[in-house]
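J.: Sharing a structure below in structure tokens format, with a few things to ask.
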Amino acid sequence: MQVTAPRTVLLLLSAALALTETWAGSHSMKYFYTAVSRPGRGEPRFISVGYVDDTQFVWFDSDAASPREEPRAPWIEQEGPEYWDRETQISKTNAQTYRESLRNLRGYYNQSEAGSHIIQRMYGCDMGPDGRLLRGYEQYAYDGKDYIALNEDLSSWTAADTAAQITQRKWEAARWAEQLRAYLEGTCVEWLRRYLENGKETLQRADPPKTHVTHHPISDHEATLRCWALGFYPAEITLTWQRDGEDQTQDTELVETRPAGDRTFQKWAAVVVPSGEEQRYTCHVQHEGLPKPLTLRWEPSSQSTIPIVGIVAGLAVLAVVVIGAVVAAVMCRRKSSGGKGGSYSQAASSDSAQGSDVSLTA
């Protein structure tokens, strides 16, 4: 896992519930946490971000003037004050837990107090069309490198080095994986279903991409063809170039999918082609919002104008989202208090979406 936080960038089953709905495709809920130490400049900064699919819905920053769990999507604002008080308290407690973990890991690696260090965690669940758990995950990084991760069996750990093995032994003694599994199979999926219902107009939509091909001469002999996909949701999309029907994957420059700033995404794929041979190249676009895949060619008589303003806005939002795409801590033990709204289960009403307790220190 790769990270950044403030200045560094992170590039890291409820069987008893009677199911009355199904969802198209799979959906996910993820939490991303980052803690960054800054010697001589106060306590470490702690940031947490929650996502349902590709939509950010909550945010917490310990550096805020009055740190609170904050809504980042209209549909989450309907949760009652008990929800926000509970989530705020969990995030504040986690901020302290991560400060302790930063001290512990600095000791494990025999590092001085002078440098800045980062802990990241990402956890969450993927849910299938039947509303049940597809997979759960929990991953940790330290200073941008893998540290420890929960295996796919949700009962064992993979430690990256001898320092991480110290954490592994602590967590095995505390039976931490069992608690995580209970959260991932139960509470996580229940809250995800609740959020998908409450935010179905936005979370379960499929906006097709607006597509075009642009032409950029490099020299008298070569030009770049760039295939654009703009304004689509969800983020999953496939762009491929072909020459006379043969894939040009190895010769394609493909950027990561980027947020556009309006709750949609953008992406492009480019190939360098010999001048005069542009019509031998086709761009192929596949997305959930399209009734069938698109095939595009460059049209010399109608050179497309690139919507620069939207792309620049998307890059600005990307900087914010990348800070938000930081990795996370799981809180798994259940406790009953709070939560309004939702009709799926008592657990979803009483337990925190993040889990109801703070995580163990590393």
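Glycine too: its Cβ is placed from the backbone N, Cα and C atoms.
Residues or ranges marked as region 'Alpha-1' in Swiss-Prot: 25-114. Residues or ranges marked as topological domain 'Extracellular' by Swiss-Prot: 25-308. Among the features that Swiss-Prot reports, N-linked glycosylation site is placed at Asn110. Residues annotated as disulfide bond in Swiss-Prot, with sequence analysis given as evidence: Cys125-Cys188, Cys227-Cys283. Per Swiss-Prot, topological domain 'Cytoplasmic' is recorded for 333-362, and the stated evidence type is sequence analysis. The region 'Disordered' annotation in Swiss-Prot covers 336-362.
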J.: How do the residues of the region 'Alpha-1' (25-114) split into helix, strand and coil according to DSSP?
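T.: Counts, helix then strand then coil: 33 helix, 27 strand, 30 coil.
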J.: Across all the protein chains here, work out how many other Cβ atoms are within 10 Å of the Cβ of Cys188 (disulfide bond).
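T.: Other Cβ atoms found within 10 Å: 31.
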J.: Far apart in sequence but close in space: which same-chain residues, 6 or more away, have a Cβ under 8 Å from Cys283 (disulfide bond)?
T.: Thr211, Val213, Leu225, Cys227, Leu239, Thr240, Trp241, Gln242, Ala269, Thr295, Leu296, Arg297
J.: Restricting to the same chain and to sequence separations of six or more, state which residues have a Cβ under 8 Å from that of Asn110 (N-linked glycosylation site).
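T.: Long-range Cβ contacts: none.
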J.: Name the residues of the same chain, 6+ apart in sequence, whose Cβ is under 8 Å from the Cβ of Cys125 (disulfide bond)?
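T.: The answer is Ser28, Met29, Leu133, Leu134, Arg135, Gly136, Tyr137, Leu184, Glu185, Cys188, Val189, Leu192.
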J.: For the region 'Alpha-1' (25-114), report the average pLDDT of the model, please.
T.: 95
J.: Around the C-beta of Cys227 (disulfide bond), how many further C-beta atoms are within 10 angstroms, looking at every protein chain?
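T.: Summing over all protein chains shown, Cys227 (disulfide bond) has 27 other Cβ atoms within 10 Å.
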